[in-house]
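Taken straight from Swiss-Prot:
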- E263: active site, proton acceptor (ACT_SITE)
- C297: active site, nucleophile (ACT_SITE)
- K189, G241, S242, V243, P244, T245, E400: NAD(+) binding site (BINDING)
- N166: site 'Transition state stabilizer' (SITE)
Amino acid sequence: AQLVDSMPSASTGSVVVTDDLNYWGGRRIKSKDGATTEPVFEPATGRVLCQMVPCGAEEVDQAVQSAQAAYLKWSKMAGIERSRVMLEAARIIRERRDNIAKLEVINNGKTITEAEYDIDAAWQCIEYYAGLAPTLSGQHIQLPGGAFAYTRREPLGVCAGILAWNYPFMIAAWKCAPALACGNAVVFKPSPMTPVTGVILAEIFHEAGVPVGLVNVVQGGAETGSLLCHHPNVAKVSFTGSVPTGKKVMEMSAKTVKHVTLELGGKSPLLIFKDCELENAVRGALMANFLTQGQVCTNGTRVFVQREIMPQFLEEVVKRTKAIVVGDPLLTETRMGGLISKPQLDKVLGFVAQAKKEGARVLCGGEPLTPSDPKLKNGYFMSPCVLDNCRDDMTCVKEEIFGPVMSVLPFDTEEEVLQRANNTTFGLASGVFTRDISRAHRVAANLEAGTCYINTYSISPVEVPFGGYKMSGFGRENGQATVDYYSQLKTVIVEMGDVDSLF
């Protein structure tokens, strides 16, 4: 809380985090049995923000034990009692929203405008599931002869969350809120690149009144995540991240037959038809590619534009992309900050170089950028990039770049573009811009993706389910559907008469 309270006077390049970043048993704890210390960098300056010490096996076990003990109390509470505590947590986040958002910016690199939206989305998620908690119930089924059955919706136990670095606080809330609403306990592991804000969420839940040890945080990388996946007392793992890591999580969790939710990568198509409202389509394409420096799993990075409107579309998109203000993420006029790390920046720039080799044309951006402010000279900035002259077989069109790079491709017919849009192993999101209501719903029905946007893009309301098709994962986050992934159904069969026996 002291770190959060100091945020009003904080500026880019001024914050050093010395607090312990693990949390179990209702308090912050310093790692002792992790292998090595890893530096955590501030994306805007390239400066070391803090040191992350990963948790080892003994510490992960302590966190799980803490969760197990609290689960015995929380799972016995009525839904309305759980709801009151969760609503108080949402209120505290709302109250501290501005300060948490500033710390999120310093750790993650996204702009303050986006971070404020993320923190709002976090408390809204908790508030939503607080409302859902008292409604969770089973079903009564009448059977012949006066017998009957009923179902009980019961929690799973200890749920583990393995988080991504692009939305550290919000994704932590997405994992915790439905789990807690259903009566579970939680142990989550933030990304080693963004370890700072997740622990604040755990503190807030305890301040709000959850049983001590209900929400726990273990820091670390792949080894710590592996310990959670293999732990015999973890009932479920929810993972957000890349496809290769998701496969490993699934494989490790299978050894103890855990419930698994995977929210993985994407290479989402955005289809822009000639009858669209061009202004909205341009706005949608920019939102689909440049939020959070392009580091968003749902990004519509394959922008298919009907040939007749390609010149007008490119002219407007390039003009607006060039006008994007890149710089200090804590300034309200900034629209793009630094990428998460130097390796990520180099990787994205490498994709642009490869695209040029394969014949794509860079219409703007795609280069390292040094803002005028001297304190930002070592930050991980690049200019947002628009590529045209792209083909479906190019690396930039097939692989997830995870940076501010838009690939634009022409198409002629609806049938053709649907076939091309679905020709991918991913299936997280998709979008269509058209004024033809029949086409809009026809295209949405035929796109192979967990989410399809019609005449919009890049919104994820907590009320609606979110998740992927194909290799973008399975399970759902947000919405009522998530209850099915954080609970289990018990069937109880009751005979009111004599037992009908063959013996």
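Glycine is no exception: its Cβ is also placed from the backbone N, Cα and C atoms.
What Swiss-Prot annotates, mapped onto the structure for a quick look.
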residue : record                             : contacts (Cβ under 8 Å, 6+ apart)
N166    : site 'Transition state stabilizer' : N108, K110, T292, Q295, V296, C297, I340
K189    : NAD(+) binding site                : A160, G161, I162, L163, V217, V218, Q219, G220, T224, G225, L228
G241    : NAD(+) binding site                : I162, A164, E263, L264
S242    : NAD(+) binding site                : L264, G265, E400
V243    : NAD(+) binding site                : L264, G265, M471, S472
P244    : NAD(+) binding site                : none
T245    : NAD(+) binding site                : A222, F239
Secondary structure at the residue listed as 'active site, nucleophile', reduced by DSSP to three states: coil
Candidate with the highest Cβ count within 10 Å, taken from the recorded positions E263, E400: E263
DSSP-derived class (H/G/I helix, E/B strand, else coil) of P244 (NAD(+) binding site): helix
Neighbouring C-beta atoms (10 Å sphere around the C-beta of C297 (active site, nucleophile)): 24
Where the record names K189, G241, S242, V243, P244, T245, E400 as binding NAD(+), the maximum Cα to Cα distance in Å: 24
